[in-house]
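**Q** From Swiss-Prot, for reference:
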- 3-23: transmembrane segment (TRANSMEM)
- 32-52: transmembrane segment (TRANSMEM)
- 87-107: transmembrane segment (TRANSMEM)
- 168-188: transmembrane segment (TRANSMEM)
- 191-211: transmembrane segment (TRANSMEM)
- 249-269: transmembrane segment (TRANSMEM)
- 272-292: transmembrane segment (TRANSMEM)
- 334-354: transmembrane segment (TRANSMEM)
- 372-392: transmembrane segment (TRANSMEM)
Amino acid sequence: MKYLIGIIGLIVFLGLAWIASSGKKRIKIRPIVVMLILQFILGYILLNTGIGNFLVGGFAKGFGYLLEYAAEGINFVFGGLVNADQTTFFMNVLLPIVFISALIGILQKWKVLPFIIRYIGLALSKVNGMGRLESYNAVASAILGQSEVFISLKKELGLLNQQRLYTLCASAMSTVSMSIVGAYMTMLKPEYVVTALVLNLFGGFIIASIINPYEVAKEEDMLRVEEEEKQSFFEVLGEYILDGFKVAVVVAAMLIGFVAIIALINGIFNAVFGISFQGILGYVFAPFAFLVGIPWNEAVNAGSIMATKMVSNEFVAMTSLTQNGFHFSGRTTAIVSVFLVSFANFSSIGIIAGAVKGLNEKQGNVVARFGLKLLYGATLVSFLSAAIVGLIY
């Protein structure tokens, strides 16, 4: 039965993308089928095989060491505030972002990341039926982040039509940045985080190919990556350290605000209607949770977490998943965890539109106009990845 429901779910989510398509007759079926097959193969390897366990284990172990090194710096500054017997979200989850961001800066300075991004993007362009710019952007978004990636493309932004701009922004919203992957791994199992990273990369291309199909002419398929201003090693290091700290503080501020507001709204709804706001959202999202393979008896609670992620952010939803006492089955936990690993939420519309507008005001206004369609597509990417996990777990 789970296979039947999962297949129906895939058809529904792809169908919802088709309904919103701006050019149904231009959709290229072959790349979509190839990428779906790759999603199933890679997802199965990562979740169900010894090779996958080895790769995920190595990835998680590496990040584990990085988090230990990050703790050295945190302990030095905050001393006794870090209690080994208690978990402080800001100290243990958010502040390591500072160290991870510093490492990314070093790898950028030494041209390691640009090399990896460029050639993985080139390989992806052979599979996804899109231009090299779109493929580069998807890989760069997964490493640099949804706003930082546009800085490397600022020369291209003014030359892009609305269709190509949508694809770039959709890729940025569907993925997550490497600087906060370590934070996710303190809240979710590493295998779910890694699987989501891979599935969302291809899922972003699949949904964008359906919602926003277009052909890139050979003469337009140019990739001119903006070289960063020449800086010394320590200038780059200092810049990325401060960027990492800004991210940690911004996420902390967003969490304080969103968690408090959701608690307030829940209190009002409980007093007036006898059910929390998140409970109502759970019923709204329950059919979608069911379609990704979650049993109906868990669908309402799972749907509540999924909806929380969309209206607030993934950190609030992950906190809800880990701390609210849900006793989900292993399969449901895997599906929900994979769904949560993306930037698909309302606040990301403002972040991406603001990042683009800071580089090109006209294009920033264009992004703001299709913001809801952007969130719609990115959310379908999360549902698609979750449905695939539901089928292969």
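All residue numbers here begin at 1 and follow the chain in the order shown.
Any Cβ shown, glycine's included, is placed from N, Cα and C.
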**Q** Could you give the residue numbers and ranges of same-chain residues that sit at least 6 residues beyond the transmembrane segment (249-269) on either side and whose C-beta is under 8 angstroms from one of its C-beta atoms?
**A** 89-90, 94, 97, 180, 275-280, 308, 312-313, 315-316, 319, 347
**Q** So if I exclude everything within five residues of the ends of the transmembrane segment (32-52), which remaining residues of that chain have a CB under 8 angstroms from its CBs? That is, six or more out.
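**A** 127-128, 191, 194-195, 198-199, 202-203, 205-206, 209-210, 334, 384-385, 388-389, 391-393.
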**Q** So which of 87-107, 168-188, 191-211, 334-354, 372-392 has the most C-beta pairs under 8 Å when paired with the transmembrane segment (272-292)?
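**A** Most contacts with the transmembrane segment (272-292): 372-392.
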**Q** To the transmembrane segment (334-354), which of 87-107, 168-188, 191-211, 372-392 is linked by the most Cβ pairs under 8 Å?
**A** 372-392
**Q** Can you name the far-off residues of the same chain, 6+ from the ends of the transmembrane segment (372-392), with a Cβ under 8 Å from a Cβ of it?
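**A** That would be 2-3, 5-7, 9-10, 13-14, 16-17, 20, 39-40, 43-44, 47-48, 166, 169-170, 173-174, 192, 195-196, 199-200, 203-204, 206-208, 211-212, 288, 291-294, 310, 331, 334-336, 338-340, 342-346, 348-349, 352.
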